[in-house]
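Worksheet: one structure, shown below.
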């Protein structure tokens, strides 16, 4: 099951949990109000899972691939890890399904504070277009994830600041409406 919390301000190893002391947990409902969607699926049977098939059809996720992030599997590993951890947004939703291993997605809340979302095998997350976020491995240094897209994949990340993009403006409008 996914777990999320507000992060401390430490610049130490990005793979560490970085929990506040005492911990400030973040609920699935709080994530939902940020536009973040979570599902728990059967990663052992992802190739034949009827629930995954239903989700892909309902959400029009017509394209997918599988990426393994590990120093022995990913070309330009160190460079990629640094790139993933740069704060950025996308113009489309980012959908990731963890098939093995674990890692962290960090997202900004409405007050611009970091929330760390711990992802492990079986977790699927959808980050809305326009949300500032980043990704890092945890201390296990390994994740295998399915990347899902509506139509052809668009890989472009826009590093912060990117507030003038329509996707960011739409996301900020969503947050304002959620606050009412």
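From the backbone N, Cα and C atoms, a Cβ is placed for every residue, glycine too.
Binding of Ni(2+) is attributed by Swiss-Prot to 88, 90, 94, and the same site annotation extends, among 70, 133, to 133. In sequence order, 126, 127, 133 are the residues near residue 94 (Ni(2+) binding site), counting only same-chain partners six or more apart with C-beta under 8 A. Note: the Ni(2+) site is recorded as 88, 90, 94, 133; in the same chain, 89, 127, 131, 132, 134, 157 also have Cβ atoms within 8 Å of that site's Cβ centroid. Taking Cβ-Cβ distances under 8 Å and a sequence separation of 6 or more, the neighbours of residue 88 (Ni(2+) binding site) in its chain are 132, 133, 134, 157, 158, 159, 160, 162.
DSSP classifies residue 133 (Ni(2+) binding site) as strand under the three-state reduction. Counting only same-chain residues six or more apart in sequence, the Cβ atoms lying under 8 angstroms from the Cβ of residue 90 (Ni(2+) binding site) belong to 127, 129, 130, 154, 156, 157, 158, 167.
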